[in-house]
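Structure, as structure tokens:
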Amino acid sequence: MNTQRIGFIGLGNMGGRMTRRLVEAGIEVLGFDATPERALAAGARAAASIAEVTRLADVVLLSLPDSKVVEAVVEGADGILASCREGQTVIDLSTAAASSTIRLNALFKQRGVQYIDAGISGGAAAAEKGTLTLMVGGDAAAIDAIQWVFKPIATKVITMGGSGAGHTTKLLNNFLNAVSLSATAEVMVAGKKAGLDLHRLLDVLNSSSGVNFATQNRFPKIVDGDYLEGGLTSKLMTKDVVLYIDRVRELGVSSLNSSGPLASFGLATALGYGDVISNRVVDAIGDVSGGVRLKDTRNSSTGEQ
């Protein structure tokens, strides 16, 4: 069994679940979060500071809201860079800007520390079960050396290239997810107003070229009133789309398809759905389409007869 010590910074919706998977695999984890009780809730030993995690751990994992928070944790007065040592590995599981990741990698390289960016996909349910997909960027040998860390939390680990490649891949995937969810929500509202049986509509879509993750995994539940609460919010979905736009601009690629999800999730936020699961975007579109709900909960009909 590997005897390297694990530290985990950021024990929220995803970080807490991944920490529990590591602990259940028999790995002792030293955890730190701005909400201190999260460490114990995840089964980790609570650290008093970021500096303590960095001093005591050989491998430090980060699961943080965005690059600004990552930069503060890494570059702050009591941050990781101030306490790290040669030979350590830092794994950033956050959804972050690749340009920031590449810059931080250069700083860590000067200190003899490997900085690995690992985008994650699968959401809270996959984190709970340890079935995440990881898209990883960084030094190939360093990535090989930390496969034991990934094993309890992921069933698929794909090395995408050098520094920033993992986070870039994550942004590309998240953008497609945003497009498919917002577009499918609009289609389902239109189907409802047209008087179509929504279960049959999904059967057609899932047997045709319109099939996507939302038609297969989200809307079969949503049409029956289960919004799969607890996942990525509309505010966070918007943030991910903006990160994607920034990244493709850096690459010299025109983003011609970003206006749809920006409008949809922006509408959801404006109508009060910003802090609930992004699947509620279908209700926001329904609100401005005559008060449509995919599952009728009122006596009056909202669609055409």
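Cβ atoms here come from the backbone N, Cα and C positions, even for glycine.
Here is what TrEMBL records for this protein:
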type	residues	note
ACT_SITE	LYS170	active site
DOMAIN	5-161	domain '6-phosphogluconate dehydrogenase NADP-binding'
DOMAIN	164-255	domain '3-hydroxyisobutyrate dehydrogenase-like NAD-binding'
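If you take every residue in the domain '6-phosphogluconate dehydrogenase NADP-binding' (5-161) and average the pLDDT, you get 97.
Helix first, then strand, then coil: DSSP counts for the domain '3-hydroxyisobutyrate dehydrogenase-like NAD-binding' (164-255) stand at 64 helix, 1 strand, 27 coil.
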